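Engineer: Not my notes, these are from Swiss-Prot:
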- K155: active site (ACT_SITE)
- S225: active site, nucleophile (ACT_SITE)
- R53, S81, G82, R187, S225, A226, R323, S342, G343: substrate binding site (BINDING)
- E296, A345, Q348, G349, P350, G353: Mg(2+) binding site (BINDING)
- 106-242: region 'RU B' (REGION)
- T319: site 'Important for substrate specificity' (SITE)
Amino acid sequence: MPRRAEILRLPMAAPDDVSAIAASLRDGRLDPGDVVAVFAKTEGNGCVNDFTRPLAVQALRGLFGPLIGEAALGRIAMVMSGGTEGGLSPHWLVIAAREAAGPGPALAVGQARTPPLAAEDLGRRAQVEMVAAGVRAAMREAGLDAGQVHYVQVKCPLLTSERIGAALARGAAPATRDTLKSMGLSRAAAALGAALALGEVPAAAIGETVAETDPGRHARRCGASAGVELLDHEVVVMGMSPDWTGPLVIDHAVMADAIDLRPVAACLGRLGLLGPDGFVDEAGRARLAALLAKAEASADGAIRGRRHTMLTDSDIAPTRHARGFVAGALAGLVGATDLFVSGGAEFQGPDGGGPVAVIARRSGAAGPA
């Protein structure tokens, strides 16, 4: 039987505020047994010591555990992305899937988890291959082939002082001893893993470390986010399949730089969300289920020839600058601030740019966004 995906975009008052999800469970909009993934933008710093992410995971486990059983919690991918700089609004994206009759094509969703990653493998080819295997497993679960995939969301681990120390104690050498740098290395390897699984980057082009890989080789349909709250990888694949039904559709674009909105506008236009003035209008916003994007400060320190200071600010990490900057540009286009914009786009789109995915309801389709 075909399957049907649903998405609820819900507000949060704090990282541990699951009241909106709980209300959706009570009123029947959401069946706990159908939930396959929960994404969130939490109001931490998005760096190594952002504990809003594990706090949110703890709250989710406390909500769903009594409903589906502790043993079943592992089948829900909990992808927390810290950082709501600028006007970004903290929010939840709850993704569910169930059997349902009806015509396709429609949004298809699959998720998978990898084994735990050894600290010494982070940022190296072993991590790339591990994530590639996870992406392939999620594609199989969704019934998608590489050409049908529009976006892959990966949550990957980072290195802490304790994890580095444990690796050194057993005679292993991590790729870095810098915990903040480890986030970028992990995101890079995760993105290359997705690109490998999707056929965007050949295996021969990937070095033994991400530093040995040409940055011109990058994923075009992946967003990777690193966090302290896990040791493995959570992988969620989204695409369009004739074997899925329902009102949801997905499309994607790639921004060439931080202000490159034309591809995003074209994507929104293909989904019928733009008004006559070229911006998402009220009717389009009612149909917008989710927007996911990656943001990165360009390595050359400039945007279209004009200098930026995101890389030279000693007070604020460049990922935080980029997240707020790109989110503002996208929010102006769509007229909404509860967008899943994630900083740190290593090997995710071209330098300074990044992939964007838009999920929408077909015109005339009812349902909460």
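Just so you know, glycine gets a Cβ as well, placed from its N, Cα and C.
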Engineer: Near K155 (active site) in space, meaning Cα within 10 angstroms, which of the recorded positions do we find among S225, A345, G349?
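Structural biologist: If one measures from the Cα of K155 (active site), the recorded positions that come within 10 Å are S225.
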Engineer: Round to a whole number and give the Cα-to-Cα distance in Å for the pair G82 (substrate binding site) and Q348 (Mg(2+) binding site).
Structural biologist: 18
Engineer: Nearest of the recorded positions to R323 (substrate binding site) by CA-CA distance, picking from S225, E296, A345, Q348, G349?
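Structural biologist: Comparing Cα positions, the closest of these recorded positions turns out to be E296.
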Engineer: Using the centroid of the Cβ atoms of E296, A345, Q348, G349, P350, G353 as reference, list every other same-chain residue with Cβ within 8 Å of it (recorded Mg(2+) site), in sequence order.
Structural biologist: H218, V254, M255, K294, A295, F347, D351, G352, G354, P355
Engineer: Looking at the recorded positions listed here (R53, S225, T319), whose Cα lies nearest to that of Q348 (Mg(2+) binding site)?
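Structural biologist: Checked the recorded positions R53, S225, T319; minimum Cα distance to Q348 (Mg(2+) binding site) goes to S225.
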Engineer: Can you tell me which of the recorded positions S225, T319, G353 is spatially closest to G343 (substrate binding site)? Compare CA atoms only.
Structural biologist: T319
Engineer: Rank aside, I only need the closest one: which of the binding-site residues E296, A345, G349, P350 has its C-alpha nearest to that of T319 (site 'Important for substrate specificity')?
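Structural biologist: Nearest in space to T319 (site 'Important for substrate specificity'), counting only the binding-site residues, is E296.
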